[in-house]
């Protein structure tokens, strides 16, 4: 006797697997977490979920001994060692180690931003970016520096901050070998070599956004102590533009 699904016709190896499969159609979730009451369609999913509460991580990477609570996370992690990238973009053929990374990549190509802030309606390509953004509204800063106890809205800002304590400067200029704590600082520094000035007003171009803001404030309220050099340069450039 076969074990075909009467709804979609999918073939199942056994009656028990058919029973589990049918729950995808009925929505039945008979397995409930006794801690938080979340329900699941399969006992194995409940078993994995309970480890969130217990902290149990029974699965270990044979390469670096890092531990995981479920098989899917271990499989993803192993790709960091093997370099395996089984998920390929059908548009540009770029490959990824995780399906979620491929989906995120697709959104950069399509411009799709399915995650919307319920407060200000700003949209994002991934749920993690939305979660971080929501903290700008709630003021929540769950990431705390273990050295000085300063708090941050996301882990990236905390990692950057920690470098002020460790002195780590992982971003190095390929021209002069000067090192920086952030990639943004390196990008700004590189403009001293390339001469690039991407920030433009009607009279003069600037290498950094902050320089443009200073010049704009001087036009409105006059120069302040410490900005006279920029004022002089700006005035010279302005005069030459007008004369031309």
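Here the Cβ of each residue, glycine as well, is placed from N, Cα and C on the backbone.
For the domain 'C2H2-type' (3-30), the residues of the chain that approach it from at least six positions outside its boundaries are 39-42, judged by C-beta separation under 8 angstroms. Here TrEMBL flags 3-30 (among others) as domain 'C2H2-type'.
Looking only at the domain 'C2H2-type' (31-58), the predicted model's pLDDT averages out at 92. Residues annotated as domain 'C2H2-type' in TrEMBL: 31-58 (among others).
Sequence-distant contacts of the domain 'C2H2-type' (59-86) (same chain, six or more residues past either end, CB-CB distance under 8 Å): 48, 51-52, 95-98. The annotation domain 'C2H2-type' is assigned in TrEMBL to 59-86 (among others).
Residues annotated as domain 'C2H2-type' in TrEMBL: 87-114 (among others). DSSP labels the residues of the domain 'C2H2-type' (87-114) in these numbers: 12 helix, 4 strand, 12 coil.
Summarising the annotation, TrEMBL assigns domain 'C2H2-type' to 115-142 (among others). Among residues of the same chain six or more beyond the domain 'C2H2-type' (115-142), those with a C-beta under 8 A of the stretch's C-beta atoms are 104, 107-108, 151-154.
Note: the domain 'C2H2-type' (143-170) comprises 12 helix, 4 strand, 12 coil (DSSP; helix = H, G, I, strand = E, B). Look at TrEMBL and you will find 143-170 (among others) tagged as domain 'C2H2-type'.
Annotated domain 'C2H2-type' per TrEMBL: 171-198 (among others), in sequence order.
Taking H, G and I as helix, E and B as strand and the rest as coil, DSSP gives the domain 'C2H2-type' (171-198) the counts 12 helix, 4 strand, 12 coil. Within the same chain, residues 76, 79-80, 123-126 sit at least 6 positions outside the domain 'C2H2-type' (87-114) and bring their C-beta atoms closer than 8 Å to a C-beta of that stretch. Counted with DSSP, the domain 'C2H2-type' (115-142) comes out as 12 helix, 4 strand, 12 coil.
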